[in-house]
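Here is what TrEMBL says about this protein:
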SIGNAL    1-17  signal peptide
DOMAIN    22-152  domain 'Beta-hexosaminidase eukaryotic type N-terminal'
DOMAIN    175-535  domain 'Glycoside hydrolase family 20 catalytic'
ACT_SITE  GLU339  active site, proton donor
Amino acid sequence: MKFSVLTTLGALTVASAVQVNPLPAPRNITWGSSGPIRVQELKLEHQSAIVTSAWNRAWKSITTLQWVPAAVEAPISSYPAFPTSTPNAKRATPEAPAVRSVQVHIADHHADLQHGVDESYTLEVSQHVPAIRITAKTPWGALHAFTTLQQLVISDGKGGLIIEQPVKIQDAPLYPHRGIMIDTGRNFISVRKILEQIDGLALSKLNVLHWHLDDAQSWPMEMRSYPEMTKDAYSPREIYTENDMRRVVAYARARGVRVIPEVDIPGHSASGWQQVDPQIVTCTNSWWSNDVWEHHTAVEPNPGQLDIIYNKTYEVVENVYQDLSRIFSDSFFHVGADELQANCYNFSSHVMDWFAEDPSRTYNDLAQYWIDHAVPIFRGVENRRIMMWEDIVLSTENAHDVPKDIVMQSWNNGLENIKKLTSAGYDTVVSSADFMYLDCGHGGFVTNDPRYNEQSNPDGSVNFNYGGNGGSWCAPYKTWQRIYDYDFTTNLTASEVKHVIGAEAPLWSEQVDDINISNELWPRAAALGELVWSGNRDKNGHKRTNQLTQRLLNFREYLVANGVLANALVPKWCLKNPHGCDLYQNQTAIA
Ligand SMILES: *[C@@H]1O[C@H](CO)[C@@H](O)[C@H](O)[C@H]1NC(C)=O
Ligand SMILES: *[C@@H]1O[C@H](CO)[C@@H](O)[C@H](O)[C@H]1NC(C)=O
Ligand SMILES: *[C@@H]1O[C@H](CO)[C@@H](O)[C@H](O)[C@H]1NC(C)=O
Ligand SMILES: *[C@@H]1O[C@H](CO)[C@@H](O)[C@H](O)[C@H]1NC(C)=O
Ligand SMILES: *[C@@H]1O[C@H](CO)[C@@H](O)[C@H](O)[C@H]1NC(C)=O
Ligand SMILES: *[C@@H]1O[C@H](CO)[C@@H](O)[C@H](O)[C@H]1NC(C)=O
């Protein structure tokens, strides 16, 4: 395919003549048309440990993978002539201009990796200058420039490397908080696998790993104050030592990813805590009773909540919190506060006595007692920003008065709860279960479940089989299109929109461990990555989901090539035949 021929066909065709299609799509990318630029050994003209090691990783990936885009966008003019074939990589003549170095200019080398740090960058590859020029306000922006650049440099098919055209990029994220949540309380995830997820985060420009460390089921973290807590790890091998946790934090930081720890309290608490003093937890020996809902003490087995009235609870919470605060350097710390079950407190004599003392007291007063006594402990660390699940404000057992500087993570009722939280003035992280919960739709995990003993579909409906949602409370499975199409600021006022600080896709791990964590998270989390980096609409405000298709299919292959074991999304035929697998031939059917 001759390049000069393509350039005569007008702007759209020139753009589509470029095969690379980095993900997330940059906010602003302008391709030239003078032809390919040869890439020689790129020397970094810059000195600083974080930037240098990030460049070394990017360069290693470039040279070892010799990447050729696995899925390319079809020229618009080829619609609807399916299938179209994947063109070969373009060759550069020996006379083509070459680049030999990467110049990086960073305005502030000392900017810490914290919420809201400037992550913008510019990147310019020109036929006239033998250096690729990158500018960034902070090192963290420069790291994003590298993950873009490593997707731009491709093999010329003859052992050389090229960038297909001169290019100018101006890029910056839409939202400062962009992440995934992993859960190592329900099942243990090895450090090696956690690091793999961080590789995926960095490549897709996500910058938060929310680490739901423990849950009622297990306590995997080694605690300086209470070594006995890991008696409730699944085994002596399924423990995170202090060094393991520090290693995860350091590995993530080197890749521009913040690690936000979560200790889920006062709900979802049994393991670990009960080893310190059985009285600081309650209802652990009750039947969780989801079969008789009026008696339920937990929404899933096993039950357990911190005793809110027992004084020693706060002493232990403080020591655990201080221990973890020495390990996790992020200014954000998540302290749970979801799904408090009133019935659980029937098993606490401390709580029952407290209610008896004053019959006007309610469960809302109890939740308020927790806020009043626990929040000062959380504020005991300098510059700490506390994060909680929305339940503490919006559930039936809500507290009356939750400080407005606490970041709320929204997971119920989609747009409705986002509106409630932001209009009340809370900074909000969107994790609406109907759109972003990656664990949904795999059936139930509870056993002795007679709902499956049916010889036909009980009511013939897709959504209400096996007694409801196939046993998965948040079925169906959230596809990448479902995630990417979510307009989560719909109907918010301008001042409410400012309170949306970003989004996280949670992967709860009742049915996840090392075996499937990567393919459950990826590449779906990369669709979220683009949604919160540059959005789901083009310059004219039209949904660009259909343009993400080939970009995401390529990126999935790229993740796998980089060691992140992402799931297949389509038969490979779809990847090789752009838009051949679309449901509608109308390319703007997604409005
Ligand atoms: C995008 O970049 C080009 C080239 O640098 C520039 O001319 C244009 O104004 C930019 N567009 C936006 C929307 O920033
Ligand atoms: C807990 O106590 C309340 C109020 O006395 C009662 O209605 C409820 O049934 C009790 N729950 C259990 C699980 O015993
Ligand atoms: C719990 O602590 C509070 C305040 O420190 C104190 O007033 C109260 O007597 C203590 N209660 C018990 C049962 O020790
Ligand atoms: C993880 O994989 C197992 C086995 O393939 C499957 O049963 C389970 O549903 C998966 N979990 C999730 C959340 O996808
Ligand atoms: C947005 O608000 C309008 C007017 O109140 C309402 O009709 C519409 O259903 C809302 N949209 C969504 C997606 O909630
Ligand atoms: C394609 O779909 C869009 C959105 O539904 C619609 O506005 C447009 O008219 C359709 N185009 C054709 C050619 O049917």
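Residue numbering: from 1, along the chain as shown.
Keep in mind that glycine also has a Cβ here, set from the backbone N, Cα and C atoms.
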Proximal but sequence-remote residues of the same chain as the residue listed as 'active site, proton donor' (Cβ under 8 Å, at least 6 apart): GLY267, HIS268, VAL299, TRP389, ASP391, SER395
Overall pLDDT for the domain 'Beta-hexosaminidase eukaryotic type N-terminal' (22-152), taken as the rounded mean: 89
Structural state of GLU339 (active site, proton donor), classified by DSSP into three states: coil
Secondary structure composition of the domain 'Beta-hexosaminidase eukaryotic type N-terminal' (22-152) [DSSP: H/G/I, E/B, coil]: 34 helix, 33 strand, 64 coil
